[in-house]
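Feature annotation from Swiss-Prot assigns active site, proton donor/acceptor to 140. Look at Swiss-Prot and you will find 169 tagged as active site, schiff-base intermediate with substrate. Taken from Swiss-Prot, the feature pyruvate binding site applies to 45, 210, supported by sequence analysis. The site 'Part of a proton relay during catalysis' annotation in Swiss-Prot covers 44, 114 and rests on sequence analysis.
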């Protein structure tokens with residue numbers, strides 16, 4: 001996986017709650033121009049759970065087309081890590097095959113939610129999906145969402161036994177897990193899935209981030225990651241500290257509720273629309289977001 005900084009993209013909706021494809025393309029181009037290595041369409045932040053199968057595939061397609069046709073400032077191409085998560089292995093497998101067919105660089109696959117599979121079930125789920133494609137696969141551990149964690153031995157077994165499982169997105173909140181994974185397998189790439197822990201995970205052996213805050217501040221997230229990769233940890237920490245209040249504000253309610261409203265307040269999307277069961281943030285949250293964006297001089 002030849003990327004380090006990336007954003008878990010929001011999926012903008014029109015007022016009628018259809019996907020705003022033009023706005024989506026614009027958001028991806030902004031990521032490209034502000035230095036991100038990759039984008040991650042239709043993950044948790046992209047509200048994949050409320051997209052139809054057709055919409056899910058179309059969002060992946062737009063991301064790939066936009067990255068293919070838009071050069072980065074260094075005249076390269078931004079990579080696409082396509083979200084293919086589902087609580088049905090067959091559906092994830094179908095999405096994985098589609099993503100590979102149309103040119104995704106890699107796929108991100110979350111553990112099945114609601115089903116609460118055993119560790120053997122998780123192993124078979126990921127193994128089945130990975131063996132259906134040739135492109136790299138990133139595991140996604142977020143037990144607060146899925147109800148079950150990919151335990152360290154299971155993650156290591158997947159990495160060791162399935163050749164194209166190359167990385168894991170760590171959103172467990174446990175630095176102990178990160179340390180263990182890196183200790184036992186230095187080549188198992190670890191990406192931070194917790195903005196508040198980006199610097200700490202990079203310092204503990206991580207090689208990149210998949211950021212929610214990056215939707216709003218891609219340039220700063222990219223700078224932080226690049227500093228950490230160059231072992232300029234003090235500079236990376238300064239950027240992490242600079243983003244602290246923003247990271248906090250963007251998670252006062254369930255993601256992606258705050259980030260979509262923040263993007264709207266910043267003038268980056270026209271409609272802060274959500275599909276049920278997600279609803280608009282509270283008045284108090286909107287006020288906090290406005291105050292925070294003023295603090296960062298994003299809005300006047």
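Just so it is clear, glycine is given a Cβ too, placed from its N, Cα and C backbone atoms.
A 10 Å cutoff on Cβ-Cβ distances gives residue 44 (site 'Part of a proton relay during catalysis') a total of 25 other Cβ atoms nearby, all chains included. For the recorded positions listed here (114, 140), the lowest count of other CB atoms within 10 A around the CB belongs to 114. In the three-state DSSP assignment, the secondary structure recorded for residue 44 (site 'Part of a proton relay during catalysis') is coil.
The CA atom of residue 44 (site 'Part of a proton relay during catalysis') is located 12 Å away from the CA atom of residue 169 (active site, schiff-base intermediate with substrate). Neighbours of residue 210 (pyruvate binding site), defined as other CB atoms within 10 A of its CB across all chains, total 31.
Counting every protein chain shown, the Cβ of the residue listed as 'active site, schiff-base intermediate with substrate' has 28 other Cβ atoms within 10 Å. Neighbours of residue 45 (pyruvate binding site), defined as other CB atoms within 10 A of its CB across all chains, total 23. DSSP classifies residue 169 (active site, schiff-base intermediate with substrate) as strand under the three-state reduction.
Of all the recorded positions listed here (114, 140, 169), 169 has the Cα closest to the Cα of residue 210 (pyruvate binding site).
Cα proximity to residue 45 (pyruvate binding site) (within 10 Å) is found for none of the recorded positions 114, 140, 169. Here the Cα atom of residue 114 (site 'Part of a proton relay during catalysis') is found 15 Å from that of the residue listed as 'active site, proton donor/acceptor'. Secondary structure at residue 114 (site 'Part of a proton relay during catalysis'), taken from DSSP and collapsed to helix, strand or coil, is coil.
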